[in-house]
Amino acid sequence: MHFSEIVKRAVDRNLLSHVGRDPVAAMQASLNAAVRGDSALLVRSKPGYFSCAPAPRRRPRPNRRRPRPLRRPLHRPLRRPSSCPSRRRRLPRRSRTMSKLCSQKLKRIRC
């Protein structure tokens, strides 16, 4: 609808609280301001013509049902290493052998 027609209908129905010297220019300025922004209720269809913005599309409702539990676990439970020293696999440690060598060298030097 053209903004001048919107002004005529608003003045006829006493919808405007303030009618100045030029209600058409005031309405055009306020309609142009109402079109701006992301959540605008009005859309400019062509210069001077305004219409209501289309209703936003409804988002699909989130699925609130809980997923069914799995019948079997997805992975095997992790086993903790046993506390028995014979069962524990002992990895070779370089630091221990190096420390022995160093201590032997130190003993030789001190003597």
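Each residue, glycine too, has its Cβ placed from N, Cα and C.
Remember, TrEMBL labels are computer predictions, not curated facts.
What TrEMBL says about this one:
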type	residues	note
COMPBIAS	56-79	compositional bias 'Basic residues'
COMPBIAS	86-97	compositional bias 'Basic residues'
DOMAIN	1-55	domain 'HTH HARE-type'
REGION	52-105	region 'Disordered'
Inset, instruction - Kindly state the mean pLDDT of the domain 'HTH HARE-type' (1-55) in the predicted structure. - result: 84
Legend entry - DSSP-assigned states of the domain 'HTH HARE-type' (1-55) in counts, ordered helix, strand, coil: 23 helix, 10 strand, 22 coil
